[in-house]
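Peer 1: Feature table excerpt (TrEMBL):
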- 67-91: transmembrane segment (TRANSMEM)
- 103-125: transmembrane segment (TRANSMEM)
- 145-165: transmembrane segment (TRANSMEM)
- 172-193: transmembrane segment (TRANSMEM)
- 213-233: transmembrane segment (TRANSMEM)
- 254-280: transmembrane segment (TRANSMEM)
- 292-313: transmembrane segment (TRANSMEM)
- 362-382: transmembrane segment (TRANSMEM)
- 394-417: transmembrane segment (TRANSMEM)
- 423-445: transmembrane segment (TRANSMEM)
- 457-479: transmembrane segment (TRANSMEM)
- 499-517: transmembrane segment (TRANSMEM)
Amino acid sequence: MVEARGVGGGAGGAAARIAGAAALITVLTIVARIAGFGRTVVFYYTVGEGGHGNLPDLYFAANTVPNIIFELVAGGALASLVVPLLAGAVADGDRQRVSRITSSLITWMLALTVPLAVAIALAAGPITGLLDGVTPEHQQIAARMLRVFAPQLPLYGVGIVLTGVLQAHHRFAWPVIAPLLSSLTVMTAYLTYAGIDGARTDFAGLTGAGELTLSAGTTLGVVVLTLCLLIPLRPLRLRLRPGFRFPGDEGRQAVRLGWAGAVTVGAQQVVAALVVTLGAQQLARYTGAQTVFLLPWAVLAVPLATAVYPRLADAVVRRDERAYAGALSGTARSIVLLAGLGMAALGGLAVPATYLMNAGGAAPAVVGFAPGLLGYALFALLSRALYARGGTVAAAVAAGVGWLCAGIAVVIVTAVSDGGTQLAGLGLANALGMTVTGVLLVLAVRRHAGPESLAGLGRASLAATVAAGVAGLAGWAVVTGLRSAFWPEPGILGSLVEGVLGGIVVAAVFAAVAFVLDRRDLFPLVTTLTRRLRR
């Protein structure tokens, strides 16, 4: 378990602690994301790839509904407020105050989400009736699944509160381990389903037992995701009791912080709802492409953003602008360079990655998603930076405008295209929204915290973008060359060879170009992460 206290010890000490926490988070995140990626691969091999409005598409559509509704109602607000709400009490060592704030958050969350879950279960039929191109018979299957998925809402709510409490105490390990355990649980459900109904048998082979295994097994994964967080919570010795009242002005603080997060994630979920309803025929492939896209984001960007967030909040509480600017600017440059590497990998290796998943049809969407990684990485960091200093309006406006652009693009894409073209367009719609959000967040942080808070970001962004373009093309050339020379249909072994050789080329070319353009930031980043990962 990682613990770090205070921001003291100078900029170098703070940077080292951030890098140390980020290194642990990175290692655990890699394992968790590999498991999540493996869960998607197992799904494609057991349930199917989808792409024609069949069982995989229907499953993803029904399972997405509770998540969308939760995020619209409460998820975004919770994710943005727990850490800053607890930062002062944690810094003061006031365990009683932390306990009361946490108890109030959980009480409010359950009071909101339990009735919502009941309402979703009761209205499952009309909700699934909104899915485009789904027959009445298949809508009934989706409705039954949705009723089993509905309890996920309160579980998500409690899980987000517990995650925020642990992160506020600088305990980062279990919030990353939890998705790993959840993925293993859901993978077991997929394999059990295949054992009952056979692999990739679609609606023709679906039995009641197989359907229940899919739906109940998925919800069990959310149970594991949330309840396993009680293990690391116990050493904190918090006394949790039901109660709606906060000990001080945290209620007003929660409203001030939470509405921005609600707008941010709510706008994102509106786009997700548009994809579910307008692109239901492509949902399984789209979800697979999104899984690939989120892998480098979660491994390369989120660990650094997560590790620095409590320090930013603590620096704001202590009114130490120098510590705030130093932590944020260095982290921003590192995240941008790492995001550039991720963009190159997504663009250059989309084909072998999706072939290995048994979902080759998802490759166009992966390529479409790729340009948005830079903006999404900045979103992970800069939204937290603004939340830490109370810049909620700016964060909400940036995210809202970005997702509005993405939503408009989704409507246009689904109206004028289909097949692989539609998939690529849906990915590009997401990339457009994230790029707009990233640019607006940069402007907002500079306005709220001054240009020194993002010193050197322009240089790092230029280097990352140019290096990503060159390295992505180099990786694509290697994959295409191998396919032309040795195998038109590579299979698993051929895709592995393409991925490994293409990945080596992508990494080498990216490092070479980035070193020429921004060695000042690249060399310390590589040195620090290498040293920390060896410990």
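The backbone N, Cα and C atoms fix where each Cβ goes, glycine too.
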Peer 1: Please indicate, using numbers and ranges, the residues of the same chain that are 6 or more beyond the transmembrane segment (145-165) and have a C-beta under 8 Å from a C-beta there.
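Peer 2: For the transmembrane segment (145-165), the far contacts come to 58-59, 62-63, 65-67, 69-70, 74-75, 78-79, 81-83, 85-86, 98, 102, 105-106, 109-110, 112-114, 116-118, 120-121, 124, 127-128, 175, 178, 211-212, 214-216, 218-219, 222-223, 225-226, 229-230, 233, 236, 238.
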Peer 1: Which residues of the same chain, at least 6 past either end of the transmembrane segment (423-445), have a Cβ under 8 Å from a Cβ in it?
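Peer 2: Long-range Cβ neighbours of the transmembrane segment (423-445): 271, 275, 279, 282, 285-286, 289-290, 293, 328, 361-362, 364-379, 382-383, 385-386, 391, 394-395, 397-399, 401-407, 409-410, 413-414, 417, 453-454, 457.
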Peer 1: Same chain, outside the transmembrane segment (172-193) by at least 6, Cβ under 8 Å from its Cβ: which residues?
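Peer 2: Apart from its flanks, the transmembrane segment (172-193) reaches 1-2, 21, 24-25, 28-29, 31-32, 35-36, 38-39, 42-43, 46-47, 159, 163, 166, 210, 213-214, 216-218, 220-222, 224-226, 228-229, 231-232, 306-307.
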Peer 1: Under 8 angstroms, Cβ to Cβ: which one of 103-125, 213-233, 292-313, 394-417, 499-517 has the largest number of such pairs with the transmembrane segment (362-382)?
Peer 2: 292-313
